[in-house]
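Features reported for this protein in TrEMBL:
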DOMAIN    6-140  domain 'MARVEL'
TRANSMEM  12-31  transmembrane segment
TRANSMEM  43-61  transmembrane segment
TRANSMEM  81-101  transmembrane segment
TRANSMEM  113-131  transmembrane segment
DOMAIN    145-282  domain 'MARVEL'
TRANSMEM  151-172  transmembrane segment
TRANSMEM  184-211  transmembrane segment
TRANSMEM  217-238  transmembrane segment
TRANSMEM  259-282  transmembrane segment
Amino acid sequence: MPVVVFPSSQLLWVRVAAVLFTCVAFSVAAHGAALPLGSMNDWCIFCWALSFACSCLVLLVEQCGLQARIPVSWSNFPITVACYACLLCLSATVIFPVFFLKDQQLYYEVRDYRIVSTVFSCLATVVYMWEVSLTKAKPGEVTGYMATAPGLMKVCQTFVACVIFILVSNPVSYNQHPALKWCMAVYCICFILSMAVVVLCVGECTGYLPIPFSKFLSAYGLLAVLMYLSATIVWPVFQFGKQYQYQSRGRESNNVITVAVLTALNFLFYLADLAYTARLVFVL
């Protein structure tokens, strides 16, 4: 009987660890954590389950040598999955203990289950960070765009935008002034374009653009920086300015403050992205 031998490597064991840790995190939470119904519970389970499923797919394709049969760019797909999974698990690692452990009166068994899920979520986050560090582009290495610093920042930009969408829609906090609707337009336009870049790279469709991909990245990067700069200024001015006669309270106030911080964070991502892209296009 023939024996199938899988080639061993550090990256292989990192991916195996990611699969195991995410599996334990959502299995334990679903089995014995006695979680109440709610969006935060669903979000954490979704983060772990999606990361587990995508990591299993990458692991199986790699070990079975099916890269050529998958209709995506394999130089871009695995690191994109790892980066998104890292951010998803990081968000679950922060959200889960805050909502389901902090200030909770729990039976010891239920509390233990929740602690185990939190620990394994943290471990999964670390492992995904390790995978990204192993697969990202090294100096002088020819690789896919998503493995470069601008590609990884595209993932961060889209993820932060998704968090902003959740915060501004629950409750709706951008209908008080047209300027706030402009901020919402900035979030939507930049998210769509960044996600389009990710999809084009992963799907190997950059050649279908009517202009060179490098010029598209430069033009879009400059536009996004200017738009996010305006949102970084406009959002806090029209949310917190006393002259606009609107004061957020309670949870809505916390959401508005968080959106202001995330807007500034995404502006920095876009600014760094533009700087890296300019270097790749005009220096190299």
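Even glycines carry a Cβ here, placed using N, Cα and C.
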**Report entry** DSSP residue counts for the domain 'MARVEL' (145-282), split into helix, strand and coil
**Finding:** 116 helix, 1 strand, 21 coil
Report task. For the domain 'MARVEL' (145-282), would you mind checking the mean pLDDT of the predicted model? Result -> 87
